[in-house]
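Structure first, commentary second.
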Amino acid sequence: MTHRPYLFNLDVSHVNESIKICVKQCPDKELSVLADLKKFYAETGSSLCIYNFNFSQLETNTKLSPEDQFSSPLGPCPMLPVFQSDQVLNRCVPSANSSVPTDVLRSFYEILNSPAALEQLVADLYRTWRLIFILSFVSFMLALVMILLLSFATAAIAVTFTVVVSVASVAGTLALWWAYLETKWLLDETPIEQMLEETATNERWLLILAVFATLVTLVLLCLAAHVAKNVKTLAALFKEASGFIKALPSLYLQPIITVAVLLSLFCAWMYVVLCLATATTPEARQIILYTEDSNMTSVNKFTLLQFVELSWVRFGWWIYLIALVWVSELVLSCQQMTSAGALVDWYFLTSGRRDGGARLLLTSVRRLVWYHLGSVALGSLLIALFKLPRLALRLLGIKQKPLCYERGLRYVNHNAYAVIAIEGIDFCPSARVAYQTMESNRLHLSPINSTGDCFLFLGKCCVTAVVGCVGLLTMRQDPQLHVYAVPVLVLCVFSFYVAHSVFTLYEMALDSLFLCVAEDQALSVGYQAYRRPHMVQALTTLCAKSSTQPESQPMF
C-alpha cells in the first residue's frame, strides 16, 4: 500500500466504527453523488471505494439508485456527501472550511490525539533511524578530525577549539529557542478544536531541551573561559599525551572499531525497540449491520481485527533501556582497558619510543579477553546502575551529590583500568590503589588534570552541538514526524557516545600517564632509574608550574 499513503473513512459521522481504506489522494472538493466519486477517480486515480470495487457496477440497471445500492457505512463506497479533506498525519480529515459539522471535526481530532505518546515516539524513531545513523557517523568523523588536530598540541589549536565550542553551543541553543517559539506561535493561531496533541508535545519537549541547552551552554562558556586562561598548560599537557599516543599509532584504530560496534549496537537496540512497540496480539470484533428497503431487511455480519498491547511488553522497555546504558559502557570500558594496557606495556616493558606498537595492542586485547573481562564488566555495570538513579534524582532537583558521586566513580574506573594493567589485580583492589594514588597527588594533579578534562569535555559537547543542530534543522522539515524533538534528543545522546569513544583515547592517555609516572617514581631509586626519564621530568615540571602545593612537598 505504499502508493496509497492516506487513511480514508467511509463514514465520517462514526469514525470509530467506520471502515477505513488506504487511498492515493484525499478528496480536494466535496463529492455529493457517486458520479462525482467516479469523476474524481478518473481525474486523480484515487478510488474512494473499497479495493475490489469497479465503477462500471454503477451502470447496473436496478430498482435502487446507485447511492442506495453502493453507499453505506460499510461500503463498498463511502457515505455521501464526501467532504473536502486535508492530509493530516497521513489521514484524510475534513477541512475546517467545508460543510462538515463541528462535532464530526472534533471527533476526528480527538482520535488523532488519542494514540499513546510512546507509539508516536517509536514511529518517529522508525522514520528517522537512517538519518540518526548517518549523523552519528558524521559525529565520529568530526571527532576523529579533532583528535588528529590535537596531536599538533599547539596553543592556537586549543584557542580555536574553545572558540568553536562556544559558537556551536550558542548556535544550538538559539536554534532550539527559535524552534520552540515557532511551534508556540503555530499553536496560538490554531483553533482549539483543530489542535493536535503532538504539536503541544513538541512545544513542551522543545522548551525542555531549550532550557537544558541554555544551562549547558552557560556551563560550557565558563569551562571555555577556564581553558582559555590555561592555554599554555593545556598545550604542554597534550604535547606529552600526544607523544604517549604517537608511540603506539595503532591506538588510532581503536576509536574506529569502537564506533563500529557502538553504531551496530544502536541499530540493534532501535530494531528491538520497534519490535517491542509492535508486539501486539490480534483480537476479533463482530459488527452486525441491518439494512432495510421496501421489501425486506438484510443482515450483514463483519469480523474486524484489532491489535492490543501485551501487558508484559512494558517491562521489556526498562530491560532494554538498562541494557543500552550497560552495554554501551561495557564497549567503552573495553576500549579504555585495551588502551591502558598497551600504554602501560609500552611505558614499562619497551625501551624505544615506537617498540612493538601493534603487538602491544593485540597483547592488551588478549589480556582483556582472557583475564580482565569480568573486571571491565563490573566497572561498566556500576556506571550503568548509578547513571539512571542519578538522572532521576537530577530531575527531582537533587543535583550535587549524585553528580559528584558518578564523576568520582567514573574517575576511579578510568584509573583502575591502568592499575589493572600495571599490577594485574582485580577491579576493586585496583580502584582502591588508583584512588589512593590520585588522592595523594590531588594538589599537584588537580589543576592540570581538570584543565585537560574540561577541554576534552568541550570537544565532546562541540561535536554533539554541531550534529544536533544539523539534525534539528533537518527533522523540522519532515511534516510526517509527530514529535521531532525526541529523535533530535536521541541523536544527541548517540553523538555524545560516539564522540566520547573517540576522545576517550586522550582521556586514557592522560590517566595512564599520571599513574605510570607515579608508579615509576615509587619503584625507582634515582632519576637515572626511571623507565621514561623525559616523561617524568616533563610531567613533574608541568605539575610544579600549575600546582599550589609548596615546593618542599614531593611531586608524586
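Note that Cβ sites are derived from N, Cα and C of the backbone, with glycine treated the same way.
Features reported for this protein in TrEMBL:
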TRANSMEM  131-150  transmembrane segment
TRANSMEM  157-180  transmembrane segment
TRANSMEM  205-228  transmembrane segment
TRANSMEM  249-272  transmembrane segment
TRANSMEM  368-386  transmembrane segment
TRANSMEM  455-474  transmembrane segment
TRANSMEM  481-503  transmembrane segment
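When the stretches 131-150, 249-272, 481-503 are ranked by Cβ pairs under 8 Å to the transmembrane segment (205-228), first place goes to 481-503. The listed stretches are 157-180, 249-272, 455-474, 481-503; of these, 481-503 has the most Cβ pairs under 8 Å to the transmembrane segment (131-150). Per-stretch counts of Cβ pairs under 8 Å to the transmembrane segment (455-474) identify 157-180 as the leading one among 157-180, 249-272, 481-503. Counting only same-chain residues 6+ beyond the ends of the transmembrane segment (249-272), those with a CB under 8 A from a CB of the stretch are 125-126, 129, 132-133, 136-137, 140, 143-144, 147, 320, 323-324, 327-328, 331-332, 334-335, 338-339, 342-343, 354, 357-358, 360-361, 494, 497-498, 501-502, 505.
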